[in-house]
Amino acid sequence: MSAVFAASPGRALRLAATIEAALGTVCGGLLAALLALVLATVLLRYGFSAGFAGAEELGIWLHVALVFLGAPLSLAGALAMRFDGIVQRLPRGGERAAAVVADALTVAAALVLALGGGRVVGMLGGVSPALGLPEGLRFVAPALGGGLMLAVLALRRIGEGRGAGLSLSLAAGLLLYAASNALALPAGLPPSAALGLFALLGLAAGAPLPHAFLAAAQLAVPFGSPLPGEAIVSATVGGLSKFLLTAIPFFLLAGGLLTVSGAAARIVCLAASLVGHRRAGLAQTALLTSVLFSGASGSSVANAAFGAATFQPELVRNGYPPARAGAVVAAASVLDNVIPPSIAFLILAVATELPVGPLLAWGFAAGGVMALCLAAAIHLTAGDETALPRAEAAERRRAAGRALPALGLGAVVVLGIRLGIVTTTEAAALAALYTLLLCLAAKSGGMPVAAAFRQAGAEAAAIGLLIGSAAPFAFLLAVDGVAGLVSSFAGGLGLGAAGVLLAVNLMLLAVGLVLDIGAAILLFAPIVLPLAVAAGIDPVHFGVVLVVNLMIGGLTPPVGILVLVVSGVTRVPAAALFAAVLPFLAALLVALALLSAGALLL
Amino acid sequence: ATRLTVASLLGEDKPETLVWHHIRDQVEAALPGRFAFAIVANAALGGEKEVAEAMRLGAVQASLFTVSALAGWAPEVQLLDLPFLFRDADHVRAVVSGPEGGRLKDLLVAQGFVAPDFIDYGARHLLTKTPVTRPEEIAGKRIRVLQSPLHTRLWSAFGATPVGIPIPETYNALQTGVADAMDLTKSAYAGFRLYEVVPFLTETGHIRASGVVAFSAAFWNGLSEEERAVFRAASRAGAARFNALMVADEERSIALAQENGATVLQPEDRAAWEAGARGVWQDFAETVGGLERIEAVRSLG
Ligand code: NA
Ligand code: NA
């Protein structure tokens, strides 16, 4: 391939762009199909008192296809979810070497998906009883996506005149992949530690995080990892095969369409007219809006994406530095999984059998404490960027009237869930439909709407790939019994209630640095909860502390999913966001300390 | 030692995990130091379907499965899931211990799942927000069902609207009223604290949730005859222990539910319930090996 394009880098770039445009259209189409499916389910239930047995499974299949066919779209730009903090500080030669290493890991990850996925198609067997389709069909998308990822990477590097580096990366990636399948190293490093180490190295070299995870899972094979390539792909697909996760593309789409229809700008106009004249008024309003939205959605990732698509650009337009605006959005989105409904509390309840009702009730209280701490941080860190003239009463009324349709979105979601008409996922789909209607009413035109579908599809693919690619790591941590080792160590220290709570908090903060919240809850909650109960701490209070703690991990490098999502949507570099989020991180740690004290005293 | 990774969906103190401690201890007693069990609880290796896939792909060597989780590979096992076909646990046991059980085991082996014995998760019962004892009372209600044609078909036959809701969303959906009813085993009813949102449990026992103790064929084929005999015996003893633990767990669960305000009802007009289920038998006859086979199973025991 290099020979054909070496003479014409322009042709290589054009072909890459053509492939990306086609995949963008496919992703937009899959998202539209997913939306139609979920809406049809609601319509069937209420219009025809009927259900479709395969709806949930088909939704998952569409989401999986969307994630992997969209994977080649997040090679460059902020959707790549790269941590560039170290690479930026390297001298020029080091930076180039790091780029070669990073690309080699992308090559290895693409090979895992393409070859592993291809083998699963042949090996899996079985027919989905609900859909009547071969189960292996689900893995065609990872196989295809891996192959296309490789093609797009090669074409882009040739187009950028980096053919030599590409040759090195291809050779190194192929060698790593082949060697990891052929070698068996003497036992020493546990496979999960090997995976973690390789992922960290990849991250330091600036490889996209999902690629680092996938390549590291493959590189853990010689260390005795029980996951061969095909099982890595199967675990990755399994990690994102949760129907609840399909809410993410819908909230992303709603965010995009809200902007297209002009409604997002109106919400911010209203906010500005109400509190814009105050110190950091707009950021406070973004926070308040996030609090209100938390009552409607249970996914912090979805809300981070939503806020990043809607409020971050408006904050920037009103004079906020882009990184600080993104940091406000990322920090506020933590509240989503604390203020009910909350996917995190549901996972916790399932993992530990804690009662859902009291968890949600305490979630309200905890969310309030966290919101107040964030408000204080916004107030204290405000610069002079927010001084707007005080609005007249008539102006405020006009702004409120114009923002009413957009505010109706919150009502649709909240009422839909609270009145028991729809589930969380369906509410997300209704939100997307509502914003689509807003676009129709505003005569936004077909082109911007189609672009919003493509954009949301690409973003959902990047986020889904990250969630999925963390699953092999979680698998190895579980097999190596890492959680059990930690708990027996903590048990041996003989600490009191305060000591246990402090130790567990510190441990969970460390866990939250690198692990996705869902996996962290499933892995660690059943282990640390008995420790807390034995120390005399109320299990529900402890559960709330645990969720708040792990949610804070969404803001910390290297794996701060909320920061990475905001970075992906806003194109603000992750390193800049991690720096800008520090004051809010401090505020949330204060909130965590207050909640921990509450758990001890109440 | 040969390593084997064992996946359990539930916690360390649940029968689903305890059964593997039991099997491990027996294997260790018979073949000291030969096998290293990594028993991973709490669904940390994924849900039932992911674990079944991981077993086919060589990442997991053993697990318990409900037969419905394996229906994608061996559709005939749905014979054990047919509604109102089995009178009680002894009836199921008689069927799976006989030639029918042997036939199903062979079908599973052909798909890479070696199943030394069957297990009984207990019966699924109807859970509702308002009392329901006759089939006509469930008509018009929205019932949360497993995403399987068998379950959808059953509740549609009674005029209910099947709603597919993932289990983590189910509590919320029942609380808010997206669904009015669901069906589950007694242990899971208490485990998920569903008595808080569907306080009426009608002992329909409509589906006996059967399962298997399963090993991956790749692992099993690597064992010597002697080792297989040890694993087979340990699995059978483990299955018996599991069934006993589940019975005790069900009693505890229902007592806990009743302490928390749950009401246990007896179904009325059993003939009408069974008549509704017959449509499902018809629909699945071809899949599970013919109506005659179903009738033979029905009259057994
Ligand atoms: Na929420
Ligand atoms: Na983190």
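Using N, Cα and C of the backbone, Cβ positions are placed for all residues, glycine too.
Automated prediction, rather than curation, is the source of TrEMBL annotations.
According to TrEMBL, the feature domain 'Tripartite ATP-independent periplasmic transporters DctQ component' maps to A:35-155. In this model, the domain 'Tripartite ATP-independent periplasmic transporters DctQ component' (A:35-155) carries an average pLDDT of 91.
The annotation transmembrane segment is assigned in TrEMBL to A:60-85 (among others).
The transmembrane segment feature in TrEMBL is assigned to A:97-116 (among others). Here the transmembrane segment (A:97-116) has long-range neighbours at 68, 71, 75, 82, 86-87, 90, 142-147, 149-150, 153, 157, 162, 165-166, 168-170, 172-174, 176-177, 202, 204-208, 210-219, 228-233, 469, meaning same-chain residues at least 6 beyond its ends whose C-beta is under 8 angstroms from one of its own.
When Cβ-Cβ distances below 8 Å are used as the criterion, the transmembrane segment (A:136-155) is approached by residues 1-2, 5, 12-13, 15-16, 19-20, 23, 61, 64-65, 67-72, 75, 103, 106-107, 109-118, 120-126, 166, 170, 233-234, 236-237 of the same chain, each at least six residues removed from its ends. The feature transmembrane segment is assigned by TrEMBL to A:136-155 (among others).
TrEMBL lists A:193-217 (among others) with the feature transmembrane segment. Within the chain, the transmembrane segment (A:193-217) has long-range Cβ neighbours (under 8 A, six or more residues past its boundaries) at 71, 74-75, 80-84, 86-87, 98-99, 101-103, 105-106, 108-110, 112-113, 176, 223, 225, 227, 232, 235-236, 462, 465-466, 468-470, 472-473, 476, 480, 514, 558-559, 564.
The annotation domain 'TRAP C4-dicarboxylate transport system permease DctM subunit' is assigned in TrEMBL to A:200-596.
The transmembrane segment annotation in TrEMBL covers A:250-275 (among others).
Positions annotated as transmembrane segment by TrEMBL: A:323-347 (among others). Beyond the ends of the transmembrane segment (A:323-347), by six or more residues, the same chain brings 244, 283, 286-287, 290-291, 293-304, 307-308, 311-312, 315-316, 356, 359-360, 363-364, 366-367, 370-371, 374, 377-378, 381, 417, 424, 517-518, 521-522, 543-544, 547-548, 550-552, 554-555, 560, 562-563, 565-567, 570, 572, 576-577, 579-581, 583-585, 587-588 to within a C-beta distance below 8 angstroms of the stretch.
Beyond the ends of the transmembrane segment (A:359-382), by six or more residues, the same chain brings 279-280, 283-284, 287, 291, 294, 324, 328, 331-332, 334-335, 338-342, 345, 348-349, 540-541, 543-544, 547-548, 583-584, 586-588, 590-591, 594-595 to within a C-beta distance below 8 angstroms of the stretch. Residues annotated as transmembrane segment in TrEMBL: A:359-382 (among others).
As annotated by TrEMBL, transmembrane segment applies to A:403-421 (among others).
The transmembrane segment feature in TrEMBL is assigned to A:460-479 (among others). For the transmembrane segment (A:460-479), the list of distant contacts is 27, 31, 63, 66-71, 73-74, 79-81, 109, 191-192, 195-196, 199, 209-211, 213-214, 216-217, 220, 225-227, 232, 235-240, 245, 248-249, 252, 301, 305, 515-516, 518-519, 522-523, 559, 561, 564-565, 568: same-chain residues at least six beyond its ends, Cβ to Cβ under 8 Å.
The feature transmembrane segment is assigned by TrEMBL to A:513-537 (among others).
Look at TrEMBL and you will find A:543-565 (among others) tagged as transmembrane segment.
Below 8 angstroms of C-beta separation, residues 85, 321, 323-324, 326-328, 330-331, 334, 366, 369-370, 372-374, 376-378, 380-381, 497-498, 501-502, 505, 537-538, 541-542, 544-545, 548-549, 552, 555-557, 560, 563, 566-567 of the same chain, each at least six residues beyond the ends of the transmembrane segment (A:577-601), sit close to that stretch. If you look up TrEMBL, you'll see A:577-601 (among others) marked as transmembrane segment.
Using DSSP to sort the residues of the domain 'Tripartite ATP-independent periplasmic transporters DctQ component' (A:35-155) gives these counts of helix, strand and coil: 92 helix, 2 strand, 27 coil.
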